[in-house]
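Novice: Straight out of Swiss-Prot:
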DOMAIN    55-218  domain 'SIS'
ACT_SITE  GLU83  active site, proton donor
ACT_SITE  GLU114  active site
Amino acid sequence: MQLEKMITEGSNTASAEIDRVSTLEMCRIINDEDKTVPPAVDRVLPDIAAAIDVIHAQVSGGGRLIYLGAGTSGRLGILDASECPPTYGVKPGLVVGLIAGGEYAIQHAVEGAEDSREGGVNDLKNINLTAQDVVVGIAASGRTPYVIAGLEYARQLGCRTVGISCNPGSAVSTTAEFAITPIVGAEVVTGSSRMKAGTAQKLVLNMLSTGLMIKSGKVFGNLMVDVVATNEKLHVRQVNIVKNATGCNAEQAEAALIACERNCKTAIVMVLKNLDAAEAKKRLDQHGGFIRQVLDKE
């Protein structure tokens with residue numbers, strides 16, 4: 001696909017005079033364009049749901065979720081991956097973010113990194129990619145060689161693959177087994193795909209990881225019941241989670257959390273089933289960590 005023919009490289013008529021308007025009008029133009037992103041994501045919800053089901057199946061079988069991208073796309077993958085351990089209590093290696101150019105590229109532009117097909121393959125080899133893993137290639141343009149080569153390598157190994165881009169029929173979309181393609185149109189600043197395209201990608205990644213965690217029993221109701229309390233704010237959140245899930249008061253919630261070494265799931269089952277910490281943990285283990293199953297089946 002030629003660069004000049006890509007939707008993400010097109011000229012946006014709504015912002016053609018943006019350098020001549022007031023600051024407030026400038027903000028209105030940008031905000032109006034941003035409003036078009038959620039509907040674009042809405043149109044690809046079936047594709048996102050299909051990807052979540054595949055990711056969950058692979059992760060349940062011992063695989064990992066691997067994000068692969070360059071520039072803004074790579075940074076968004078790293079952002080999503082880095083939030084999973086504290087929010088859902090998973091091991092840091094379960095969701096992995098890889099960026100063309102390595103860690104230095106998180107804060108700096110690395111010239112030519114996104115054009116390196118070898119880089120995409122080597123980065124996946126360096127994390128010992130296996131057929132159990134799912135590789136999600138992220139590229140607004142859909143033409144990034146680093147991502148395309150990584151997806152090709154992943155498929156050769158037998159991995160399930162997902163391609164996220166904002167141009168229909170792109171190489172990323174056709175290379176991956178599953179394509180998620182929110183069409184957000186031309187950017188306010190021509191070609192600046194960190195804007196609408198980046199926002200769309202962030203929304204999609206939010207759904208992929210959150211959907212995976214919900215289906216993995218990391219959410220009860222709408223509560224993040226595997227949250228790790230790494231600071232005072234999260235200690236308070238744990239207490240509130242147990243309170244909201246059980247109807248107990250703060251003192252009872254804190255006592256239960258202390259008794260089970262601050263594991264929200266165990267504390268919730270302790271309170272709701274009137275069990276000690278050891279028995280509550282045992283029942284959770286018997287049901288794969290799903291609070292709902294403990295409550296519904298016992």
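Even glycines carry a Cβ here, placed using N, Cα and C.
Each of these features: where is it, how hidden is it, and who are its neighbours?
Specialist: In this view, GLU83 (active site, proton donor) is surrounded by 15 other Cβ atoms within 10 Å of its Cβ, with every protein chain counted.
Taking all protein chains in view, 25 other C-beta atoms sit within 10 angstroms of the C-beta of GLU114 (active site).
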Novice: Sorry to bug you, but what's the C-alpha spacing from GLU83 (active site, proton donor) to GLU114 (active site), rounded to the closest Å?
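Specialist: GLU114 (active site) to GLU83 (active site, proton donor), Cα-Cα distance: 24 Å.
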Novice: So what pLDDT does the domain 'SIS' (55-218) average out to?
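Specialist: The answer is 96, the mean pLDDT of the model over that range.
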